[in-house]
Amino acid sequence: MKQLSSREIRSMFLDFFEQKSHLVMPSASLIPVNDPTLLWINSGVATLKKYFDGTEVPEKPRLTNAQKSIRTNDIENVGYTARHHTLFEMLGNFSIGDYFKEDAIHFAWEFLTSEEWLALDPELLYVTYYTEDEETKQIWEQVPGFNKEHLVAEEGNFWDIGAGPCGPNTEIFYDRGEVYCDLAEGDPENYPGGENERWLEIWNLVFSQFNHMPDDTYEPLPHKNVDTGMGLERLVSVIQDTPTNFETDLFMPIIQTIETLSNRSYADAGELQVSFKVIADHIRAVTFAISDGALPSNEGRGYIIRRLIRRSVMHGRRLGIDRLFLSELVPVIVEVMGSYYTELEDNHAFVEQVLRQEEERFHERIEEGEIQLQSVIEELQAENETVIPGEKAFILYDTFGFPYELTEEFAKEHHLTVDRAGFDAQMEAQRERARSARSKEDSMSVQSDVLQQIDSEFEFVGYQQLNADATIMAIVQDDQLVNRLNPGHTGWVIFNRSPFYAEMGGQIADQGEVYDGNEIIGQVSDVQKAPNGQYMHRIEVSELPLVKGQSYTLQVDAKYRHATNKNHTATHLLHRGLKKVLGEHANQAGSYVGPDRLRFDFSHFGKVTDDELNQIEAYVNQMVNQSVDVVTDVMPIEEAKAMGAMALFGEKYGDVVRVVNIANDSIELCGGTHVSNTNDIGTVKVISESGIGAGIRRIEALTGQAAIEYYQNQSELLEQIQEELKVQQEDQLLARIHQLQTELKEAESKVESLTRKMMQQESETLFQQVEEVADLTYLTIKLDNQSVDVMRSLGDEWRQRKASDILVIVSDQGDKANLLVLADNKAIEKGIKAGDLVKPLAKLIGGGGGGRPDMAQAGGKNPAGIPTLLDQVGAQIQSLV
């Protein structure tokens, strides 16, 4: 067997199949495109479904790839087993109606055993096949060099996920030797294909030759396909002869960096090796996912990323890493894998920034959560209880952002369990409260069964016109299909055609009226898309009833639509401006487009500076002033991509798409409504820029008349300020403000000076309540709304008076608390350092701090903890002596 690196193995695999006339497909993004059934790309074949189901025809019928993949159903097992991972690479070769079993088996055997390629020992390879697949058995028996005694029939070797293509599979195992045998000799799992550590599955060849019919019968497929998968991590562990995947060159550089950060040895870590492995695994997945455009959040993919980051932080703390560190591992991953996955090199700065921000947010909350959890555990242990109540776990999650999984892991360490059912019940109760808080009309999900029944034809005509005659096809009221909607009632009405735009893609729905002849008989307040594609209109009926089967005239509010059009086109220009000024990583992450304003969320790793905002706004208004035509075309999606049209992350597109093109500069796939010329927008004014989450920024802007009114309001406000400050000329305002700021500082300085003097006079009283513990005297003082400078001044007075050995001062600032700890030489000699004492005390007010042995300070966000802090001073001193 050759000694090869992971890079060499990956390259050899692709080279081998390229020589066998396979088209090498680049690894696709981890974010599935046009596949709502997948949260992540989870296999090599997942990106090729369109070829296997016949939707598209590939350039060649023979394909191969090395595909990055994520699976998260076994997160809890990562680190505890030899080969569980969240991110992994799947090497695969595929045949779309070309070669079948014989070639697939011979290709696999040649690559594994040929001296030109991997040169594995044939005597160490074992094969399983489906019991009834006599053809595969015979092919293996005729492979030169294969030991027939190593062929094992398996009833389970049939790939079938229900209705659709299916077929038998054959798996190749590598015998790692008796040293890895973890079962007794007679154990029923002690064989190739069983659950054991000796025989390691390295390659699975699936032969799709049947179609599983709805009546549970199987019919032969007219075109037979091959789908194979070989985990790179497993293969590398075999070739590099490592006990687990984590000792290969795919993971060890990361682990070695963690050794440096933690000042611990992986080899000598014992049970803590799990933490090394968890961090190494999770940081790979997180780095790739963020690089591909997924960002931490509280739902979907974002929740998975946040969970992996938080698990990594917690395991870092177990290794003694209590600072931000995950971003420091990203360059190692780039070094290990960036030569093939070049996007890592392009996006590493963005990934690092997102990690830093997310880790900072978690650190702010985790210490308080840990304190609360420790308190819960101590209470349970005192009462000899072994289960953390679900309600307690939910409070930790809901109040402190402490993930359930981490509570579970902490519980496990203390030999406790968590009431998962109770936690889930609390979570569901919270969701129910949220649902109840929303009005019924906000969602038609409760009517989904009713709406599924409506299958009438529908045409949207709102691109070309704002009014249309239309016939009612269905009416839904109070979750029921009805034949009429009476005056004074509100319901959802589906017509055969409509000029009203339904809420989609960030653009809110049109509003308008329903006419019967010349009489307005209903107001349209909302439009949503039904499950079968029709538009359903929320209508409040005024005079006459709306009747199923009758025709009416639908009229969109033109002023409302035109204002919305301005904001939508401006959103496209803003998106392009962001990419021009900030970089191509500034991708849309959400939007609101209405008649009143626009809101645009985008990925970016820091605050957008004033200068950058000015550049972005200048670009947008330049495009507006150039009076550029806004061209919309309908074309095949491949043609749109070829012309550089931008598809938005998370959106689903069909084979034919609508393209909005502005001067060949901003080109996006978009189904929304727009102005016909940029000059129609009038002007664009950015009114705010803010952060709404790790790596996500938000810009809000106004267009047209709303922007003009904003400028007018700003001008009026400026005039009022001039009048209030008694300034004649606008250009004198800043000088006047600076003057007032100087006067204010001087006044504050005088107040503080007077406060210090008062404190000095009161110090005799404050310094009287001396307490004693462990032969040391200490004072605790609580102040209200006093600055750190005043606290230090009081500390100076304490030193002069030598009032005690230790002084603890805490000031309640209303929304926060400040803490100052001082220690004299006697206290320091007895082991009480101010810097050590301040840390546990600061946690009680939700903060942290540090300092020198003789003086330390801290701040916290929880003034409610001050009484507990004052009560705990003596106990904390005692614990440090």
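From the backbone N, Cα and C atoms, a Cβ is placed for every residue, glycine too.
Copied over from TrEMBL, here are the features:
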BINDING   His568, His572, Cys670, His674  Zn(2+) binding site
COILED    341-386  coiled coil
COILED    711-764  coiled coil
DOMAIN    4-713  domain 'Alanyl-transfer RNA synthetases family profile'
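Annotated features taken from TrEMBL, shown on the structure.
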| residue | record | CB count, 10 Å |
| --- | --- | --- |
| His568 | Zn(2+) binding site | 26 |
| His572 | Zn(2+) binding site | 27 |
| Cys670 | Zn(2+) binding site | 25 |
| His674 | Zn(2+) binding site | 25 |
Across the coiled coil (341-386), average pLDDT on the 0 to 100 scale:
86
Around the Zn(2+) site (His568, His572, Cys670, His674), what further same-chain residues have their C-beta within 8 angstroms of the site's C-beta centre?
Asn565, Thr569, Thr571, Val593, Val630, Val660, Glu668, Gly672, Thr673
